Amino acid sequence: MNPTETKAIPVSKQLEGPHSPNKKRHKKQAVKTEPEKKSQSTKPSVVHEKKTQEVKPKEHPEPKSLPTHSADAGSKRAHKEKAVSRSNEQPTSEKSTKPKAKPQDPTPSDGKLSVTGVSAASGKPAETKKDDKSLTSSVPAESKSSKPSGKSDMDAALDDLIDTLGGPEETEEDNTTYTGPEVLDPMSSTYIEELGKREVTLPPKYRELLDKKEGIPVPPPDTSKPLGPDDAIDALSLDLTCSSPTADGKKTEKEKSTGEVLKAQSVGVIKSAAAPPHEKKRRVEEDTMSDQALEALSASLGSRKSEPELDLSSIKEIDEAKAKEEKLKKCGEDDETVPPEYRLKPAMDKDGKPLLPEAEEKPKPLSESELIDELSEDFDQSKRKEKQSKPTEKTKESQATAPTPVGEAVSRTSLCCVQSAPPKPATGMVPDDAVEALAGSLGKKEADPEDGKPVEDKVKEKAKEEDREKLGEKEETIPPDYRLEEVKDKDGKTLPHKDPKEPVLPLSEDFVLDALSQDFAGPPAASSLFEDAKLSAAVSEVVSQTSAPTTHSAGPPPDTVSDDKKLDDALDQLSDSLGQRQPDPDENKPIEDKVKEKAEAEHRDKLGERDDTIPPEYRHLLDKDEEGKSTKPPTKKPEAPKKPEAAQDPIDALSGDFDRCPSTTETSENTTKDKDKKTASKSKAPKNGGKAKDSTKAKEETSKQKSDGKSTS
C-alpha cells in the first residue's frame, strides 16, 4: 500500500463517522454521475484541470499516472483504493480522470444527457467552492502520514472494505434555475359516450342485427337458385365421408358452388349429417376423422374478418328534449268519453219509462222424494227398459247365454239409502265376460273405517249467544190485555189471585188404604186393572209432595199363593245376609246445596220494611190493625205424651201414619198452595240460582225484624 493511501484512511473515517451507510451509497453514486456530466462538457473540465495544476503542481504527481496503472494491472481492489484516496485528496482531479479509467461504463440515455448538459453549465461556481474544501482536507492528511499505522491485518482488511463504500461528500443543493424549454401537457380529458348506449348512437348495420333478433321481418336478400334438402346434405357430408381420390374434382366444383351459401350457416346447428342416398352402402367411420376433412371444413368457413374500428371523434352528442309524461284519457274509460252512438240505450215502455230486466225464473228445489226417484231410475228395471235403445244382435246372443247380475258391481256406499229391486235379466246389457274382467281389475274394496261414524258438521260458526228478554219474563213486558186483574177487598188491599180448580171428591179411608197398599200386595187380577187407572189419578192429588214418612209395609194376607211364599223366603234369606241396617247420622239433616256461588247478597231497604220508611198516609192502617188484634199470644193445646215404642203394638205403629192423615179438603188446599208457591218461585227466579236463595234469606230476615218490632211496640 502507498503511504498516501494509509494517510487517507483516517481522514475518510473521520468524515464517515456521523453519516449512515445509506448516505454513503448515495454519495458514491453522486460521485459517479459527476464525471459523466463533465465528459459531456469538455471545455469546463479542461479549464478546471489547468487551475488545479497551477495551484499544486508538485504535491500530487500520482493521479496522472493512476489511470494507466489501473488499466495495466486490471485489479479492481487497487483501483478502488486509489479512487478513495483521490476522492479525499483531490476530488477535482478525480472528475477529470475517471472517464478515462472507465471506458467500459454504459453511456447514459438521451434524457439523462440533456439534463446533465444543463446542470454542467450551471454548476461551475459550485465547483470552485468544492476545490477550496478539498485543499483544506488534504493538509491534515499529509501531517498524519508521518505517524506509523499500528493496526493489525484484520483492521486493515476492514478498512479496505469500508473504503470500497466510498467517502462522504458534502451535498449542497444547487440553487440554479431551469433555463430549458417549457414543458407543456397537451392532453385534455374528453367524455366519450359508449356506443349503443342510446338508440341514436347505434350504427345502421347493428340496427339490422337487432331487428333480426327481435323478429321484425326484413326483406330477404336476392339469392341464386335455392338448394334442396338433398343438395345441402350432400354438400355437408362430402368432407365427412372417406371417398376415393377420383372424386376430388367433383368435390371442388360442388364446394365452389355451395361455399358462398354455406358460409352464413353455423356449424353448431347441424348435429348429425346423414349419408347421401347414392352412398348408403358405404360405412362412415364416426370415431376417426381424417385431418383433410377437418381442414376442408375449416376452409369452407372462411377467415374471420376483423371488425372495423369506429372513429369516435366523428360521433356527435345529440341533446334530447326532456319528454314529459302526460296521462291521456282513453275513449270509453269514463261514461263521459263514450260516444253517444255507442252508448247503451235502455228498452223504453210505451209511456217512455225504461223497462226493468225480467227476473230469471229460478228452478224449484227438488224434494228428497223426487231426488231419490231420479237417482233410483237407473236401478229400476222397468224404467230402464224404456230408456234403453234397441240392442244389437251380439248383445242378444250374450244375454241368452248368461244373464249378468249388475247389482253386485255397484258399491255399497252409493246404496246407503236406496235399495234397488232384485236384478232381473234385461235385454241390451253388457256381457258377463267384460264385466268380470272389469271387476277383476278393480280388486277388493277395503272397508272404510269412517263409514260407521256419524256425520258431523265441520262448519265453524262465529255466532255469539245474546241474552234477550222474553215476552212475559218481567211485568213490564206483559201486554195489558194479558195482565192479571188485581182483586181488592173492602179495605182496598189486593187479594192473592187463586186459580179456579175442580173440586175433589172426598175419599174414604178404606179406599185410600187400598190404593196405597196395592203395591205391597200380590199381582192384581185382570178385572181390577180398569179400577187402578181411576185410583192413580185420585191418589196423585191426595199424596203430598213432601217427603213421605218412613212406613213399614204390612205383610201379605194369608190367602196368597204358594209362589208368593217362595219369593218371601228368598227375600228373607237375602235380607238376613245383608245384616242390620245402621242408622245414618246425616239422614235427618236438611238438604243443602253444595254448589258454591260467588254472588253476594245485598240487603236493600224496601218501602214499609221499617217504621221510618212507612208513608204517613198508610200509618193509620197499621194502627187500626194493632188495636183490633189481641196482645195475648195464642194458647197452644198441650200435646199428649207419647207412649214408648216398646209399649205400642206394631199394627198401631204402622197404621198411625194413616190415621194422622188430614182430611181430603185440607190436603187439597195444601197441595194447591204448594203448587202456587212453586210456580211463583219459578217465574220470579233469576237465571243464577244464588240470587234466588239470597232473596229468600233477605225475606226471612225482614220478617224476623217485623216480628221483633211488633213485639217491642
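Yeah, the Cβs are placed from backbone N, Cα and C, and that goes for glycine too.
According to Swiss-Prot, the protein has these features:
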REGION    1-187  region 'Disordered'
MOD_RES   Lys50  N6-acetyllysine
MOD_RES   Ser87  phosphoserine
MOD_RES   Ser134  phosphoserine
MOD_RES   Thr136  phosphothreonine
REGION    211-506  region 'Disordered'
MOD_RES   Ser244  phosphoserine
REPEAT    307-359  repeat 'Inhibitory domain 2'
MOD_RES   Ser367  phosphoserine
COMPBIAS  370-379  compositional bias 'Acidic residues'
MOD_RES   Ser376  phosphoserine
MOD_RES   Ser441  phosphoserine
MOD_RES   Ser517  phosphoserine
MOD_RES   Ser528  phosphoserine
REGION    536-713  region 'Disordered'
MOD_RES   Ser575  phosphoserine
MOD_RES   Ser577  phosphoserine
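Annotated features, which come from Swiss-Prot, shown on the structure.
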residue: Ser367; record: phosphoserine; DSSP (3 states): coil
residue: Ser376; record: phosphoserine; DSSP (3 states): coil
residue: Ser441; record: phosphoserine; DSSP (3 states): helix
residue: Ser517; record: phosphoserine; DSSP (3 states): coil
residue: Ser575; record: phosphoserine; DSSP (3 states): helix
Looking only at the modified residues Ser367, Ser441, Ser517, Ser575, Ser577, Ser376 (phosphoserine) has its closest CA neighbour at Ser367
Determine the most Cβ-crowded residue among the modified residues Ser367, Ser376, Ser441, Ser517, Ser577, using a 10 Å radius around each Cβ and all protein chains in the structure.
Ser376
If we check Cα distances from Ser517 (phosphoserine), which of the modified residues Ser367, Ser441, Ser575, Ser577 wins as closest?
Ser575
Using C-alpha atoms only, work out the spacing between Ser575 (phosphoserine) and Ser441 (phosphoserine) and round it to an integer in Å.
70
Stretch-averaged pLDDT - the repeat 'Inhibitory domain 2' (307-359):
78
How many Å separate the Cα atoms of Ser577 (phosphoserine) and Ser367 (phosphoserine)?
65
Looking only at the repeat 'Inhibitory domain 2' (307-359), how are its residues distributed among DSSP helix, strand and coil?
6 helix, 2 strand, 45 coil
Pairwise CA distance, Ser367 (phosphoserine) versus Ser441 (phosphoserine), rounded so that it is a whole Å:
38
